[in-house]
Amino acid sequence: MLIMEDRGNIHLEKSTKGKLEKFDKMRGKAVESGEFWDLVVITAVDEDQRSAYETQITEKLERKELPLGIIYHVFADPPGVKIGNGGSTLYSLQCLNDKYGKTLSGFKIILIHAGGFSQRLPNASALGKIFTALPLGNPLYQMLELKLAMYVDFPSHMKPGILVTCADDIELYSIPDHENIVFDKPGFTALAHPSPLSIGTTHGVFVLEPAKEPRICDMEFRTCSQFLHKPSSEKMRRSNALCLRNGEEFVYTDSTYYFDYSTAKTLLTLLSEIVPLTCEIDAYGDFLQALGPLATLDYTKNTANLTKKENGHVKVRQKIFNHLKGTELNVILLNNSKFYHVGTTEEYLYHFTTDPCLRAELGLLSAAFSICSSKSFETTRACVMHSVLHPSVTVSPGSVVEYSRLDAEVKVGARCIISGCWISSGLSVPSNTFMHSLSVNLDGKIGFVTVVFGVNDDLKKNVDSPADMKALSLFKCTKVQTSAMGNYKSRPTQTCTDEWKKKVSESYAVIIERLEEDLRIKEVEFSELKHAFSSEEAFNKVNLNYRTEGGLSLLHLCCICGGNKAHIRTLMLKGLRPSRLTRNGFTALHLATYKDNAELVTALLHGGADIQQVGYGALTALHIATVAGHLEAVDILLQHGAYVNVQDAVFFTPLHIAAYFGQEQLCKLLMKFGADVNASGEVGDRPLHLAAAKGFLGIVKLLMDDGSKTDDNEDHVPLHFCARFGHQEIVRFLLQGTFDLQPHCVNIYGDTPLHLASYNGKFEVVQEIIQLSGTESLSKENIFSETVLLSACTYGKNLEMVKYLLGQNALSINHQGRDGHTGLHSACFHGHIRLVQFLLDNGADMNLVACDPSRSSGEKDEQTCLMWAYEKGHDAIVTLLKHYKRPLDDSPCNEYSQPGGDGSYVSVPSPLGKIKSMTKEKADVLSLRASLPSNFHLQLSELEFNEIIGSGSFGKVYRGRCRNKIVAIKRYRTNTYCSKSDTDMFCREVSILCRLNHPCVIQFEGACLDDPSQFAIVTQYVSGGSLFSLLHEQKRIIDLQSKLIIAIDVAKGMEYLHNLTRPIIHRDLNSHNILLYEDGHAVVADFGAAAAADMAYHHVRPPIGYSIPKPISALLMRGWNVCPEERPEFSEVVAKLEECLCNVEVGQLMSPASGNSSGSLSPSSSTDCLAARGSPGRSHVAALRSRFELEYALNARAYAFWSQNSGRRSSQGLSRDELRRNMQFPPIDRNGYVSDPMSTMRFHSCSSSGSFEESN
């Protein structure tokens, strides 16, 4: 939008606040007739979405979040093809007409388009974008309430009709207090907002009728002569859509519009002629373009802005035009207004966290309707809605949390969206993560599913089959890789057993939460129930069919609200079934055992309750009693015949649960009743393994003494678990005992207990194991080629542990695993810079290589620790390795310091050339990474990829966004890193582009270098496309003025390149690589084939072409001579050209009809050629010297034409002075552009027709 003055913003805040206050007074109250809308209509994409919308509206009405006394409708699109919001409008009108008939003519209706799956904002997919939460209001606002609030003043100032709007935008406006927005005119009336031209190219633009009395005001009623749908800047200018205010150009763009009942009938007639719909109809582009006196049928055939081109679309558009032509289009100009779109993750995050304007104007909060420390989020620019956050939670800037629970010490990274999630204590969410949990119903069972993506991932992209999943980009990186760069790098952070234990932990946390939820009764309800169970008289009056919202019967409530065994007996005798489950999946017996009410447990069992009945998670009452740790309840259940070895959904017995929760007395009781100590869970985990992992020494002793087996499905023994989690006392007990336990045994991954202890940084346990069992494990390698020392280097945070292991003298500091990697490799890969410094200072060799199969070719790829550090983006370590010099004395080394410090880091010549294991391509990339200025370093997460605008052997070119700018992104193929030619081209192009700064040369924005498999170059986006496209795809005939402008710009760009301190030779200058602005000026682009030459130009020569005559090529080579005196005279060049061109027919040179595959300034010849490819006159502008190139090119063409018409013999030649007399050159402004070429570029005596322009 246009930048507003402070006054405008203040008025917007005041106006918006007034609307919200007015709507808040209506929430939950019946509205008067005429005060509000008669009907609120919402569209849905299908019947399932319609049902979900209706459910939510019903619940909102019950919670009194919406005005009462009006009718809310949800209409679904018909099954079949997508029909667009225009089709939804038509079908909604049909549904309303069927339901209300002629009475519809008296209704004021708001129609909100909300159908769709919100793929670009996935947290709105399930509930719908109209129910997207907003950080304001109490109770919390959703988009539905905001839409109704922003238009709260409309119904009282409008005639019956329909207001059409969308669910994913916000319109704020202010008008003078004494004025109103009135919808009382026939036809269509649209709201219009002042916008810059760049916004106009992606929206609808109004072409206004001239005002009778031009004036500046906040609101103005005007008529519209034409509606343009997503027009180009050129079309906006040509159609007189541009307005001017304070010297700034702008246009009026669309948002919401109204049409009266008479127009609605016209649309119903239209629908009757085009049903069934077989294509998408746009309620804006297809309807509004048919309106106004200047509307024509031309737009019906223009399919450029269609997202999907379908058969029959043109015919449907023509019928729409025929029905709507002549209909008025009135416009209400809201000059103090703003339009915000909130339909993508980027927009959602920006507007809710970063945008200060919307926050102030709409009154958005940092924490809305939530239990959290709101002050902590005001400074971090985070947003929390309808959530519960522990005070220790950290939410980083730019992140949104909604409908979630975050436990203690949870950390959420920057620019995340967390929706509907419960995140357990201590967990961290990486930056740029989208995480959304949903409740699902599968086969009648309630479950949950969580989806995780990167906030910048393209969720509309799809693949044909699961086998093609590797084509998807998740978190802007390839999720599916065919292989990793070495066994070590493929090591999982967690084993299957680890993952299973985590799931078990989460499962039991959910079980306890669900039990607690059943116990939570509303305070008023709880008091009434307590009273009912307090006396026999009150109890006899209770309705036996009573149920709570959670599905609890009186039998359940008796166990919670103070009932006794008499109540249980009475209720069961009256027919209440003890087998009934609550909505959370528990029986009365489950609740009684969880409450540890022995009296009620016994009464239920005596009354016939099934002791083996399972509830949620396949849990019996014995499981529940064990989870709660109630010894008496467990004893009662066991005495009444409960099966002691019953398994739940995760195959855990009560003994597993007792061991997991550290209930030693329960373990003894269960074992007394015959619990099997060797019962195994899903991954073969026995109660002994759980106790060892959790650190319960007493239970470990109990189970070991009872003869428990020690291995699981992954060959873990208890020593693995207690070593990994650092339980030193259990380690000592197991190693000092008489058990048949091998201290050096390995699991299926080849890890000994010592590996796991060092890998997790448990130094005390490492010392304990070595002292009690020796150093045999130190020389063992796991399947990832790691020894214990290498595992410690992977952990990397405990230098003392590394020193201790080196002190055992079992292996040297430079020991290489089977794959060749060393401890230094591990430290570099994981970014442990202090450990890298320590290893280098103690003799680690940085030139040792790890040999792995490469990612694509299968050949061996030798990798140094420098490459590993570079691959993971650890720039400080890369720099340290490149400049490291080991101290010569024995003095202790200081910690790592930056260049110029006092540490062992010293500046020495780069050793890249000495590292024999590094390929040239890797060295080039490393060198480029170190030399490229920091402002040009880009992260792939900063890029937004839109449509493809070009492609080549290197990969594809996208139109996209970077750092709030529209850019062109040249994305290299994913296997570029394995291609020498592609890597060389990438490095060469980046190193050249970062040096360039000229208006006639493409502007460099930056490059992505972090991930070798995802190189990208970002440059300015030139909207006019390439010269080739202009000539051969659009088939445009270029006039002389445009030709000269392009030629001057190209020559000026080449002059700049050739005259740099270290000149640049383009080597691939053709019409594909000349890009045009909309005003006709040109820039030189694509430097993939370019090269830098020295001042003598003798190392690199231009690709002159095999078909150029030798005399011309000889002249061109002389023209590149560093000594000006040795270059040919202009007259000599012209004479040679005349000699070569004299036989070329003028039609071949000048005819607009002749073709050329390379594109040209005139359609018959290329930008860099004087004649068609293969003809004797071919030459390259790249080989000609800047202004000299242009001058002799233009003169040669002029003379060739003149010679053909005048009959002059070619041998006569043409002097430079003679040419200058016959031809005037256009004036050049201070920026090197032709100021008025048409006024001066004339022949005076060379042509009988009088002008070059006319003859062309």
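Using N, Cα and C of the backbone, Cβ positions are placed for all residues, glycine too.
Small disclaimer: the values here were computed from a predicted structure and weren't measured.
Taken from TrEMBL, the feature ATP binding site applies to K970. If you draw a 10 Å sphere around the CB of K970 (ATP binding site), it holds 23 other CB atoms from the protein chains shown.
Annotation source TrEMBL lists compositional bias 'Low complexity' at 1153-1166.
Averaged across the domain 'Protein kinase' (943-1234), the predicted model reaches a pLDDT of 65. Taken from TrEMBL, the feature domain 'Protein kinase' covers 943-1234.
According to TrEMBL, the region 'Disordered' annotation covers 1153-1172.
Long-range neighbours of the repeat 'ANK' (584-616) within the same chain, counting only residues 6 or more positions beyond its ends whose Cβ lies under 8 Å from a Cβ of the stretch, are 511, 514-515, 517-519, 550-551, 553, 555-556, 558-560, 563-565, 568-569, 572, 578, 622, 624-625, 627-628, 630, 632-633, 636-637, 640-643, 646, 648. The repeat 'ANK' annotation in TrEMBL covers 584-616 (among others).
Taken from TrEMBL, the feature repeat 'ANK' applies to 617-649 (among others). When Cβ-Cβ distances below 8 Å are used as the criterion, the repeat 'ANK' (617-649) is approached by residues 507-508, 511-512, 515, 585-587, 589-590, 592-594, 596, 598, 601-602, 605, 611, 655, 657-658, 661, 663, 665-666, 669-670, 673-676, 679 of the same chain, each at least six residues removed from its ends.
Residues or ranges marked as repeat 'ANK' by TrEMBL: 653-682 (among others). Beyond the repeat 'ANK' (653-682), the same-chain residues lying 6 or more positions past its ends with a Cβ under 8 Å from any Cβ of the stretch are 500, 504, 508, 622-623, 626-627, 629, 631, 634-635, 638, 644-647, 688, 690-691, 694, 696, 698-699, 702-703, 706-709, 712-713.
Panel annotation: around the repeat 'ANK' (683-715), residues 495-497, 500-501, 653, 655-656, 658-660, 662, 664, 667-668, 671, 677, 721-722, 724-725, 727, 729-730, 733-734, 737, 739, 741, 745-749 of the same chain, lying at least six beyond its termini, place a Cβ under 8 Å from a Cβ of the stretch. According to TrEMBL, the repeat 'ANK' annotation covers 683-715 (among others).
The residues of the repeat 'ANK' (749-781), classed with DSSP into helix (H, G, I), strand (E, B) and coil, number 22 helix, 0 strand, 11 coil. Annotation source TrEMBL lists repeat 'ANK' at 749-781 (among others).
According to TrEMBL, the repeat 'ANK' annotation covers 819-851 (among others).
Outside the repeat 'ANK' (749-781), and at least 6 residues removed from its termini, the chain residues within Cβ reach (under 8 Å) are 495, 714, 717, 719-720, 722-728, 731-732, 735-736, 743, 787-789, 791-792, 794-795, 797-798, 800-801, 804-805, 808, 810-811, 817-818.
Helix, strand and coil counts under DSSP for the repeat 'ANK' (584-616) come to 17 helix, 0 strand, 16 coil.
Secondary structure at K970 (ATP binding site), taken from DSSP and collapsed to helix, strand or coil, is strand.
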